[in-house]
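One structure is given below, encoded as structure tokens.
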Amino acid sequence: MKARIIVLLASLLCANAYAQNGYSASTAQSSGQNDTVYSTNQVGKPATNGGKVYSTTQVQPPDPVTDAVRKRFQLRFQDLKIGVVRPTPYGLFEVQLGGDMFYTDKDVSWVMKGPLIDAATRRDVTRENLEKLSAVSFSELPLDLAIKQVKGQGKHRIAIFEDPNCGYCKQLRHTLKEMDDVTIYTFLYPILSPDSTVKARDVLCAADPGKVLDAWMLEGKPPAPAHCRAPIEELVALGEKLRVRGTPTLFFEDNTRAAGVLPPAQLRERLTRNVSQ
């Protein structure tokens, strides 16, 4: 058996580790190469269980050892809401806390935060598992809240959460501009600043929201002031429920998601794959 090296990034675990702003760059695996995926992070509150459930992930009952790990973890961190707990092939136990993944031993004598990298395959195991746990049924997304734009026949569908002031979202817009045969559903998610809320309202209240959004994101032409009953609160609540922790966040028809700007080739592959499967 090939030896495998597990790379762990240590992190302090605190009770209120769900409030931070800023920019981040994380590494994703694609076709055997490392692609840098950029996103603007805004960590929201953990999703509640109220309302419609969008996750398609089914959790199996834990075995006695895993159940004991959960109980020990909860005993040591009584103020945290624990999600999925399960063993890994690497001799560790994976513990989901909101949108983060932590690792511990069977005695919960130490806790470390991912990402966990499989050195043999160079896969980001943490990212893969979080994507599975955060799977969202595309057909259940409330697309009536989104700005719909059809390019070509619109065969490929994608839903995107964007902040109007997100630089990486603008970069993604330029990538999508070069693509055809795609239907884009944009959920405006104003989380970066009060001005983001104003711009989101102005876009949503415009006569042609898609045209105004592109003018701002692609050309830097700010939307004209507009007033209406824009569903800002509903959009923010939706993003929190779906654990959208940064912009842009992309949702595909195969119920997977991606955080950040994907390289053009990888984005095309994801769109094509979703239709063929």
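Glycine is treated like the rest: Cβ placed from N, Cα and C.
For reference, Swiss-Prot has these:
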| type | residues | note |
| --- | --- | --- |
| SIGNAL | 1-19 | signal peptide |
| DISULFID | Cys166-Cys169 | disulfide bond |
| DISULFID | Cys205-Cys228 | disulfide bond |
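Its own atom aside, the Cβ of Cys228 (disulfide bond) has 10 Cβ atoms within 10 angstroms in the protein chains shown. Counted within 10 Å of its Cβ, the other Cβ atoms near Cys169 (disulfide bond) come to 25, all protein chains included. The DSSP secondary structure for Cys228 (disulfide bond) is coil.
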